[in-house]
Amino acid sequence: MAEVSKKRCEHNSDSQCEGCKANDKACEARDKTKETAGSAKDKTKETAGSAKDKTKETAESAKDKTKETAGSAKDKTKETAESAKDKTKETAGSAKDKTKETAESAKDKTKETAGNVRDNVENKDKNEVYENIKEGGSKAWNKTKEVANSMKDGIKDLANKDEQKK
């Protein structure tokens with residue numbers, strides 16, 4: 001810069017005039033400003049690039065975390081469904097066994113009643129025996145129907161509870 005100023009300066013001496021010195025200082029300040037602005041521009045680009053990369057990284061991390069959470073929820077739902085299914089099977093099996101026991105009990109009771117009626121046949125006339133048989137059979141049949149309906153309602157309740165859990 002000094003040489004440029006000297007070339008413009010028309011002094012014969014090596015020392016510059018005040019105008020040339022001021023001009024050189026202005027040029028230096030301008031160059032320094034350009035340099036500082038360029039440095040700031042580069043720093044801004046670098047910071048923006050870093051922020052962009054960080055944002056991208058954070059988004060990828062959030063995406064992976066979301067996938068992981070969704071997978072975990074899916075697995076948990078599957079486990080719960082399997083558990084409910086197993087519980088329903090177990091309850092249905094229990095109800096089936098209970099129904100079978102009740103039916104066998106009703107069958108035994110019917111046999112017992114029939115045996116008692118048969119024992120009384122010898123002592124009573126035929127019409128009375130017929131009425132006793134009819135009454136005993138009717139009671140046993142009604143009891144069997146009542147137990148079957150009760151079991152049927154119980155199984156329906158279990159199925160409804162299973163559906164509600166899902």
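Cβ coordinates are placed from backbone N, Cα and C, and glycine is handled just like the others.
Note that this is a predicted model, so its numbers are computed, not measured.
Now, the feature entries from Swiss-Prot:
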type	residues	note
COMPBIAS	1-13	compositional bias 'Basic and acidic residues'
COMPBIAS	21-112	compositional bias 'Basic and acidic residues'
COMPBIAS	119-137	compositional bias 'Basic and acidic residues'
REGION	1-144	region 'Disordered'
REGION	31-118	region '8 X 11 AA approximate tandem repeats of D-K-T-K-E-T-A-G/E-S-A-K'
REPEAT	64-74	repeat '4'
REPEAT	75-85	repeat '5'
REPEAT	86-96	repeat '6'
REPEAT	97-107	repeat '7'
REPEAT	108-118	repeat '8'
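Same-chain neighbours of the repeat '8' (108-118): 129, 132-133, 136-137, 139-140, 143-144, counting only residues six or more beyond its ends whose CB sits under 8 Å from a CB of the stretch. Per-residue pLDDT, averaged over the repeat '5' (75-85), rounds to 90.
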